[in-house]
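> Sharing the record's features from Swiss-Prot:
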BINDING   Ser39, Pro40, Ala41, Gly42, Tyr43, Gly44, Lys45, Thr46  ATP binding site
DOMAIN    829-894  domain 'HTH luxR-type'
DNA_BIND  853-872  DNA-binding region
Amino acid sequence: MLIPSKLSRPVRLDHTVVRERLLAKLSGANNFRLALVTSPAGYGKTTLVSQWAAGKNELGWYSLDEGDNQQERFASYLIAAIQQATGGHCSTSEAMAQKRQYASLTSLFAQLFIELAQWHRPLYLVIDDYHLITNPVIHDAMRFFLRHQPENFTLVVLSRNLPQLGIANLRVRDQLLEIGSQQLAFNHQEAKQFFDRRLSSPIEASESSRMCDDVAGWATALQLIALSARQNHTSAHHSARRLAGINASHLSDYLVDEVLDNVDVSTRHFLLKSAILRSMNDALIVRVTGEENGQMRLEEIERQGLFLQRMDDTGEWFSYHPLFGSFLRQRCQWELAAELPEIHRAAAESWMEQGFPSEAIHHALAAGDAQMLRDILLNHAWGLFNHSELALLEESLKALPWESLLENPRLVLLQAWLMQSQHRYSEVNTLLARAEQEIKGVMDGTLHAEFNALRAQVAINDGNPEEAERLAKLALDELPLAWFYSRIVATSVHGEVLHCKGDLSQSLSLMQQTEQMARHHDVWHYALWSLIQQSEIQFAQGFLQAAWETQERAFQLIKEQHLEQLPMHEFLVRIRAQLLWAWARLDEAEASARSGIAVLSTFQPQQQLQCLTLLVQCSLARGDLDNARSQLNRLENLLGNGRYHCDWISNADKVRVIYWQLTGDKKSAANWLRHTPKPAFANNHFLQGQWRNIARAQILLGEFEPAEIVLEELNENARSLRLMSDLNRNLLLLNQLYWQSGRKNDAQRVLLDALQLANRTGFISHFVIEGEAMAQQLRQLIQLNTLPEMEQHRAQRILREINQHHRHKFAHFDEGFVERLLNHPDVPELIRTSPLTQREWQVLGLIYSGYSNEQIAGELAVAATTIKTHIRNLYQKLGVAHRQDAVQHAQQLLKMMGYGV
């Protein structure tokens with residue numbers, strides 16, 4: 001819940017001096033990316049900019065405090081301020097910020113700029129007190145913000161120092177409007193206006209000018225002069241002499257003498273107590289100070305000129321001038337040290353009543369009240385956890401004694417989930433084991449089940465499926481139905497384990513249950529995870545169209561719940577890329593893989609390994625070996641600098657072995673084969689994949705017998721477990737083994753099986769990747785004219801892809817080949833006497849490649865009637881009457897020229 005006052009413009013007071021000369025300068029702010037107002041405390045930065053902002057509707061205001069160094073808090077308020085300025089135009093960014101569903105601040109800002117691209121009017125965002133930001137991540141994000149913000153957007157930053165925002169670069173490019181302390185200092189005319197409005201008796205212009213010079217135009221000093229003169233009934237000049245040469249670091253003594261010591265005891269205590277509040281309203285004041293009418297007291301303090309300012313138009317929220325507030329808090333620690341814990345406790349209670357648990361935690365921590373902190377956490381910690389207030393929770397839990405956690409084991413569970421979210425898996429188990437050992441009395445069975453659900457998640461994340469399954473089952477046996485979150489976790493883990501074990505049907509059922517529960521209880525990250533798992537299972541079963549439709553539902557969920565920045569989004573676009581690759585939609589597959597890399601741009605490079613593998617696959621399917629080699633260099637570097645799941649290693653090894661196959665690199669394949677451990681089982685898609693890599697390397701090395709043993713066992717497992725996509729891949733590799741070992745009948749048999757199974761999977765690229773050996777076999781099958789219609793159509797499609805991306809046959813009928821052919825001593829006399837035109841040679845090559853007339857017309861970009869004319873002419877010149885005769889004639893010519901066909 002956001003505090004309204006932090007998003008409200010300070011109210012312009014009637015007695016303030018209108019800084020016309022500075023407002024004139026600010027009037028051109030829309031011509032700059034950044035308007036920067038810097039000066040020490042008390043020079044009127046906020047007052048000036050609030051004057052300039054008056055009347056501007058499309059302007060957001062964000063007042064910072066120390067707590068805004070938390071990235072999530074900063075993001076929530078910044079987006080909320082822009083939403084105020086745009087009237088709710090950026091709803092997707094707002095939802096992502098509220099739900100903490102973004103990978104980083106920069107990725108959130110990137111989404112924001114996408115939405116702002118449709119906003120065409122000038123837009124302003126004011127960030128006040130930026131000097132309070134010390135988090136380098138926020139500085140980096142704001143530099144990104146400034147580089148990429150729309151042209152019609154101006155950022156206005158108020159700070160006591162020069163912020164780390166790439167100021168020099170903006171200045172060089174004339175994109176920076178600057179106002180500093182020298183310009184902010186009051187001139188003589190402004191000082192005269194100020195005193196005329198503040199003092200009951202007017203003073204001479206020369207006198208006000210002298211006082212202005214004495215304090216170097218410092219607005220706070222001028223305000224103190226006027227306040228002191230009113231309180232002490234002394235001359236303003238006397239106060240000016242005392243303030244001459246003073247600066248903020250020496251202001252404390254003056255404020256004690258001239259402000260605190262000149263108010264009554266009741267007002268003094270009010271000032272000191274209320275100063276612990278970063279912002280305040282009537283209810284907070286009543287509870288913290290004991291005053292009966294907080295609003296009336298605040299307005300009275302405001303009238304006395306005691307540095308209190310309104311934070312919103314309704315006058316409900318107030319705050320002290322930062323300089324005065326800091327002074328008061330320091331004095332409060334000295335003068336009211338004994339009462340201070342109780343004051344903070346009162347503030348925490350009031351914040352809780354108003355629904356701001358994070359502010360309440362701030363005061364409970366300041367009070368050192370472990371019991372109050374514990375009570376707040378017991379009631380609100382899980383809500384804060386689900387809103388990613390992780391840093392605040394970690395600080396709070398560290399402040400509680402271990403005994404308090406043991407007395408409230410759900411807080412131990414919370415601490416363990418915090419560790420799990422930070423991938424500190426070993427610490428999770430250590431913490432839970434210690435808690436179970438030290439908790440007094442018999443541990444509640446439900447809590448024990450929640451511990452087991454978390455342990456199960458840790459185990460599966462850490463690559464221990466057996467332990468994960470045991471713990472998940474224990475948790476599900478003991479958890480009541482109402483304990484939905486832990487039941488979702490345990491059900492998801494159990495489903496994932498069954499996926500690993502190859503029990504696809506049961507795994508799919510559990511993942512569908514997980515999705516239903518997660519959607520019902522708005523646990524969106526588990527809903528997304530379950531959909532991704534369902535899609536992977538359907539892919540493994542060979543139901544690629546069903547997998548596609550499940551992915552569509554997942555993309556819709558991401559859009560509806562604004563989950564674009566979750567790392568899981570990368571998982572989804574990656575499996576979409578795998579599916580697109582299988583269907584030979586290579587451009588789309590590559591784009592999807594690159595979008596996955598973009599999602600992970602703020603993570604370690606190792607996280608991009610899977611998407612990089614897909615980019616290599618796309619290059620290999622296109623026959624672009626140079627590009628594949630370049631990408632493989634990067635992939636192999638990542639492999640050597642990280643620890644990966646066996647699925648990741650299997651996919652990376654796959655593209656390496658295929659590359660070695662296409663380039664004939666037996667040395668690399670042999671070296672890899674020597675050092676690669678053989679999996680113990682082959683009961684899931686990633687273990688099948690690694691065994692297939694081993695068999696492919698063995699085939700490349702001519703080790704046909706062991707490769708055949710591997711592939712036959714893989715097929716047996718795949719059939720038993722209904723791993724139909726793996727069976728399709730295995731058949732294609734077995735086909736290559738038979739083809740290369742001269743067992744042409746066996747090769748044709750398994751190729752027919754693979755084509756038939758591809759009617760279910762839709763595979764294209766898995767055939768294409770085998771290159772010319774596959775093309776030769778498909779041509780022969782097409783020439784036999786015995787394939788069923790669907791298989792015939794697929795075979796022709798695969799041939800087109802091979803011809804497009806690999807060393808295709810009609811390339812042999814180029815000008816150089818034809819010249820060598822005509823000079824060959826065994827060339828048929830008919831071809832010498834009636835030579836084909838270059839276009840006719842191209843048409844012959846395409847006929848041999850299995851193209852239909854329509855496909856040839858499309859390939860050569862000519863009309864179908866023109867192709868018929870070319871075919872009639874070349875038939876006549878070759879002395880043939882039928883298409884099959886032309887294919888056989890082309891085959892004879894290729895054999896004569898030394899090409900294996």
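Using N, Cα and C of the backbone, Cβ positions are placed for all residues, glycine too.
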> Once Ser39, Pro40, Ala41, Gly42, Tyr43, Gly44, Lys45, Thr46 are set aside, which residues in the chain still have Cβ within 8 Å of the Cβ centroid of the ATP site?
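Going along the sequence, the neighbours appear as Arg160, Ser181, Leu184, Ala219, Thr220, Leu323.
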> Far apart in sequence but close in space: which same-chain residues, 6 or more away, have a Cβ under 8 Å from Gly44 (ATP binding site)?
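Correct list: Arg19, Leu184, Ala219.
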> Return the count of C-beta atoms lying within 10 angstroms of the C-beta of Ala41 (ATP binding site), excluding that atom itself.
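Cβ-Cβ neighbours of Ala41 (ATP binding site) within 10 Å number 20.
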> Within the chain of Tyr43 (ATP binding site), which residues six or more apart in sequence place their C-beta under 8 angstroms from its C-beta?
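Once residues fewer than 6 apart are set aside, Tyr43 (ATP binding site) is near Ser181, Leu184, Ala185, Trp218, Ala219, Thr220.
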> I'd like the number of other C-beta atoms within 10 A of the C-beta of Pro40 (ATP binding site), please.
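Its Cβ has 17 other Cβ atoms within 10 Å.
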> Tell me, by DSSP, whether Lys45 (ATP binding site) is helix, strand or coil?
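The residue in question, Lys45 (ATP binding site), is helix (DSSP, three-state).
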> For a quick check of packing: other C-beta atoms within 10 Å of the C-beta of Gly42 (ATP binding site), how many?
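So the number of other Cβ atoms within 10 Å of Gly42 (ATP binding site) is 24.
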> Is it possible to get the count of other C-beta atoms within 10 angstroms of the C-beta of Lys45 (ATP binding site)?
24
> Around Thr46 (ATP binding site), which residues of its chain at least 6 apart sit with Cβ under 8 Å of its Cβ?
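Residues satisfying the criterion: Pro10, Asp128, Leu158, Gln309.
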> Provide the number of Cβ atoms within 10 Å of the Cβ of Ser39 (ATP binding site), excluding the reference atom itself.
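I get 22 for this one.
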